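Trainee: Below is one structure. I have some questions about it.
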Amino acid sequence: MSLPTDLTVARTRTELAAARAALEGPVAVVMTMGALHAGHARLIEEARRRAPSVLVTIFLNPLQFGAGEDLARYPRTLDDDLRLAAAAGADVVFAPAPDVVYPDGDPGVRVAAGPLGTVLEGASRPGHFDGVLTVVAKLLHLTRADLALFGQKDAQQLLLVRRMVRDLDLGVDVVAVPTVREDDGLAMSSRNRYLTPFDREVALVLQRALRAGAAAAGEGPSAVRRAARDVLLAEPAARVDYLALVDPHDLADVPEHHRGEALLAVAARVGSTRLIDNVPLVVGRPLD
Ligand SMILES: Nc1ncnc2c1ncn2[C@@H]1O[C@H](COP(=O)(O)OP(=O)(O)O)[C@@H](O)[C@H]1O
Ligand SMILES: [Mg+2]
């Protein structure tokens, strides 16, 4: 099948600058690592609703992968990605090679995610969020975007991007998009392509655990944690990395007396694949 003709694909900084200059502002950016799925499509569609011009980046950022992670086997499906991006409403796709983004190799200067980058995902993946924020900052500058959309599935990433934009005065609007799920509840992810049919069944335990936790929200934090943990323990084929009920603003574990907003987040290894998911909750009885 031929590639969409109404889409501009930029591979170099020069091509990006030319494509960007032709866009009517405001410009919305959706940043991805490729292997696009319906979650990415939702972000692009939401961008389309909010801005006259939509730019999608497809860049598998080596800086955010640790040694022994899945960078080498990460799915690369550029032709399909371009079709999906165009169908969802992208005007421009910027798909640079690593040496376009990092012409001097490993950047000596990086954004430091700080304390929020060391908990949850950051505890399991040291340096991950420094790598994420560094590339997000670079792509914001390169695209000169006015707004940027991020998925709630990566709640910690979303929070850190918001913090970076505030702490470094980057002057871009950050928009959160709710998690898009398969019909059976599995959060869409490029990494779902790694799952064997057996793993795919096992992976549903994340969503079941989050639902069980959410159903216990009226009874307080320990009930939420217990309900979710019990579901996870019943599926030994999922190796849990963390299960946490945290304050969505600072990612601190919520104390037992906590009432109000919280985030129930889980990460687990299923087969050779590491999966994450989360659900926002309101803990305690709503005020009447
Ligand atoms: N299921 C989903 N629902 C909503 N947004 C998503 C979903 N999956 C990924 N995203 C968002 O798409 C953007 C790019 O994520 P990326 O790492 O490329 O995909 P994935 O996490 O699926 O591997 C991020 O902002 C991420 O939060
Ligand atoms: Mg991802």
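We count from 1, first residue shown onward.
Glycine is no exception: its Cβ is also placed from the backbone N, Cα and C atoms.
Curation does not apply to TrEMBL; its annotations are automatic.
Sharing the record's features from TrEMBL:
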| type | residues | note |
| --- | --- | --- |
| BINDING | 33-40, 151-154, V180, 188-191 | ATP binding site |
| ACT_SITE | H40 | active site, proton donor |
| BINDING | Q64, Q157 | (R)-pantoate binding site |
| BINDING | Q64 | beta-alanine binding site |
Trainee: Checking your reading of the structure: which of the binding-site residues Q64, Q152, Q157 lie inside a 10 Å Cα sphere centred on H40 (active site, proton donor)?
Mentor: none
Trainee: Taking ligand 1 as the reference, state which of the recorded positions M33, G39, H40, Q64, V180, S190 have a Cβ closer than 6 Å to one of its atoms.
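Mentor: Within range of ligand 1: M33, G39, H40, V180, S190.
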Trainee: Among the binding-site residues listed here, M33, L36, whose Cβ has the fewest other Cβ atoms inside 10 Å?
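Mentor: Taking M33, L36 as the binding-site residues, the minimal 10 Å Cβ count falls on M33.
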Trainee: Going by DSSP, is L36 (ATP binding site) sitting in a helix, a strand, or coil?
Mentor: coil
Trainee: Can you give me the Cα-Cα distance between L36 (ATP binding site) and Q157 ((R)-pantoate binding site) in Å, rounded to a whole number?
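Mentor: Here the two Cα atoms lie 18 Å apart.
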Trainee: Taking only the Cα atoms, work out how far Q157 ((R)-pantoate binding site) lies from S190 (ATP binding site), in Å, as a whole number.
Mentor: 16
Trainee: So for Q157 ((R)-pantoate binding site), how many other CB atoms are inside 10 Å of its CB?
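Mentor: Summing over all protein chains shown, Q157 ((R)-pantoate binding site) has 22 other Cβ atoms within 10 Å.
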Trainee: Mind giving me a neighbour count for S190 (ATP binding site)? Other Cβ atoms within 10 Å of its Cβ, every protein chain shown.
Mentor: 19
Trainee: What is the total of other Cβ atoms whose distance to the Cβ of V180 (ATP binding site) is within 10 Å?
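Mentor: So the number of other Cβ atoms within 10 Å of V180 (ATP binding site) is 18.
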Trainee: Around the Cβ of Q152 (ATP binding site), how many other Cβ atoms lie within 10 Å? Please give the count over every shown protein chain.
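Mentor: Taking all protein chains shown, Q152 (ATP binding site) has 18 Cβ neighbours within 10 Å.
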